[in-house]
Amino acid sequence: MGLGACLLGLLALCVVGRCSYSPEPDQQRTLPPGWVSLGRVDPEEELSLTFALRQQNLERLSKLVQAVSDPGSPRYGKYLTLEDVAELVRPSPLTLRTVQKWLLAAGARNCHSVITQDFLTCWMSVRQAELLLSGSEFHRYVGGPAETHVVRSLRPYQLPKALASHVDFVGGLHRFPPTSSLRQRPEPQVAGTVGLHLGVTPSVIRGRYNLTAQDVGSGTTNNSQACAQFLEQYFHDSDLAEFMHLFGGNFAHQASVAQVVGQQGRGRAGIEASLDVEYLMSAGANISTWVYSNPGRHESQEPFLQWLLLLSNESALPPVHTASYGDDEDSLSSAYIQRVNTEFMKAAARGLTLLFASGDSGAGCWSTSGRHQFRPSFPASSPYVTTVGGTSFKNPFRVTSEVVDYISGGGFSNVFPRPSYQEEAVAKFLSSSPQLPPSSYFNASGRAYPDVAALSDGYWVVSNRVPIPWVSGTSASTPVFGGILSLINEHRILNGRPPLGFLNPRLYQQHGAGLFDVTRGCHESCLNEEVQGQGFCSGPGWDPVTGWGTPNFPALLKTLINP
């Protein structure tokens, strides 16, 4: 009781700003385009907040990730269990005790932790939340294509200084759901159609990447794969059935998703959600597939953060996860971005392969202090994920070699330094590329991405029972690459090997073996006189537009099946 009274006294002091600090002073808090406020939330309304508690032993975790992901290490493939990770990173008893007592004293209730104990999600009234997080002011907002409702605070929040060494950040205040950058392009014009294809379908993908009818899951392993969706979009089983009826006739496949984690809405299917499921299940054909569907459905929760909590709370997970989520690096607080990166490190230690789309804005562009710079995207820029760029066919109607899709996201992080695994490849690109943009536009010492690529242009998707042509974006290339890695995991499991895990150290050591090198084309960037809309250009070997290239399944299987 004494400590509770003391903490309440501390809270009262901090409310008047005498001993508080801001965990996320650099978090963008402007209202995204297309969103409007519906006014203050009723003070008695309940909301959910997620407290990211300070973890321990992150240096050790980083070294373990390196050891289990490096084929030259004796620990290669000897992944940690979730319980091992929890033992390593679990917050100190002092952190757990201090935060729990602080929340209890403030009236928080129904608090739930995760197995790793480094996140705590609590319910409280808006009135209690605004007292607890000094400076916050919760409004209800509506926006996005699905007219999504969220509860957020655009004002910075403060915490008592006594918590500075215990809490990384509080989730559920600032970050708005991202919007899809997927686009439907106009159909290219061509005379005559003899010997031509009319858009990318599973048979075109499987033909280009040399997958035969036999290259499907065996149905005899416990192999699985997953895609995660954060856009208030849903897939429909009926769309998947129609898609496979139209396009899946020449390879064995599963008729339905094995497991949905989260809530599937009853509304119309979304094109992006349909695309993810349909192409993950046709590239990684006949492999059990999970869908993480809009985790964090309460208006005050951040779906992407809730997905990370799910990963920290489930011992048995699919080895491959694909996601098309992305934000501008500069729009996210340093505390948030570093903590999310640690969550990816935890996944890598467990042998999970996380694939993220590189984005659909090329090198990106923003202006600071009157000068232009390229604009990197996160999580694409995380050193602990495998980032997938995009390509087009050289001839849009023939299964030919590939060139850069001009929208393919890529570049150099302004947050994360270049990891050692890509040192050689990136240095070689920077010293040999004949047409680098001016050095003031990018951070040459940052983590460079993407790592790999696949076709991202001109897909057929079935959504709401309607076949839709010419759908484009790295949201398409990512599930395709993920499905192909799932097929390789299938062979590894059948051979008594562990799944591939965090792929990048091996990928760079092998200099892109098993991939088609994409050497033609540039992606888009700032429309100004200096760079005239051109970002980076592809070339031999690794480049920040298509990475090491696109999959050649038999060659990639050969290079990744052992050890």
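The backbone N, Cα and C atoms fix where each Cβ goes, and this holds for glycine too.
Annotated features in TrEMBL:
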SIGNAL    1-21  signal peptide
DOMAIN    199-563  domain 'Peptidase S53'
ACT_SITE  GLU272  active site, charge relay system
ACT_SITE  ASP276  active site, charge relay system
ACT_SITE  SER475  active site, charge relay system
BINDING   ASP517, VAL518, GLY541, ASP543  Ca(2+) binding site
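Shown here: features listed in TrEMBL, placed on the structure.
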residue: GLU272; record: active site, charge relay system; contacts (Cβ under 8 Å, 6+ apart): SER180, LEU182, GLN229, LEU231, GLN233, SER324, SER475
residue: ASP276; record: active site, charge relay system; contacts (Cβ under 8 Å, 6+ apart): CYS227, GLN229, PHE235, VAL291, THR322, SER324, SER475, PRO479
residue: ASP517; record: Ca(2+) binding site; contacts (Cβ under 8 Å, 6+ apart): PRO540, GLY541, TRP548, GLY549
residue: VAL518; record: Ca(2+) binding site; contacts (Cβ under 8 Å, 6+ apart): THR391, GLU402, VAL403, VAL404, ALA453, SER538, VAL545, THR546, GLY549, THR550
residue: ASP543; record: Ca(2+) binding site; contacts (Cβ under 8 Å, 6+ apart): GLY410, PHE429, SER433, PHE536, CYS537
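Note on GLY541 (Ca(2+) binding site): other Cβ atoms within 10 Å of its Cβ, all shown chains, come to 17. Of the chain residues outside the Ca(2+) site list ASP517, VAL518, GLY541, ASP543, GLY512, THR519, SER538, GLY539, PRO540, TRP542, THR546, GLY547, TRP548, GLY549 have their Cβ within 8 Å of the site's Cβ mean position. Within 10 Å of the C-beta of SER475 (active site, charge relay system) there are 32 other C-beta atoms, taking all protein chains into account.
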